[in-house]
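Novice: Quick one: the structure is below, and I'll ask about it shortly.
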Amino acid sequence: MTTNLLDQMNTLVPMVVEQSNKGERAYDIYSRLLKERIIFLVGPINDNVASLVTAQLLFLESEDPKKEINLYINSPGGLVTAGLGIYDTMQYIKPDVSTLCIGQAASMGSFLLAAGKKGKRFSLPNSRIMVHQPSAGFQGQATDIEIHANEVLALKKRLNEIYSKHTGKSVDDVKKALERDNFMTPDTAKEFGLIDEVVENRS
């Protein structure tokens, strides 16, 4: 995300004012929703975003290790290593993490969507979900390119195994599904095992 875009987002974030017996207190909307144990993962997944999401997960665990956390995802994907950092934290902490796709969950976005607690992975009906294999470009000496290519293959293998674990599909089925950009409707994603339910309204 460019600095200009971040600045625009910061200026557009609404503030919420709450009244209490101690007076008024203003929160930005995301901080207020964090009090309700809602974390937003919006935009490309990079190291900065991963750091923020991870910190919020750990904070909410420290607040109440038994209470569910809700992760709302609207992301085109991003860095595999950053996504794996969020994934590992989701699996590490004690609270269940419920995931909800709003808009899109592509690439590492879909990976994190599937990583929610089984039975608590959701999508809104008009969202778009996309899976594919990791990609990378290299420059340099042939030996270095070979090293990086082998690392990408190792990451691909690991991601396939994790998708298999969370979807219930065989690794071979996952490989086939991820061979190219594979766009899914929420209903198709449910059939594949990426999510558990398509939700239209709060029940």
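Here the Cβ of each residue, glycine as well, is placed from N, Cα and C on the backbone.
For S107, the entry in Swiss-Prot reads active site, nucleophile. What Swiss-Prot lists as active site is H132.
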Novice: Can you tell which of S107, H132 has the most other C-beta atoms within 10 Å, given these are the active-site residues?
Specialist: S107
Novice: From the Cα of the residue listed as 'active site, nucleophile' across to the Cα of the residue listed as 'active site', what is the distance in angstrom?
Specialist: 6
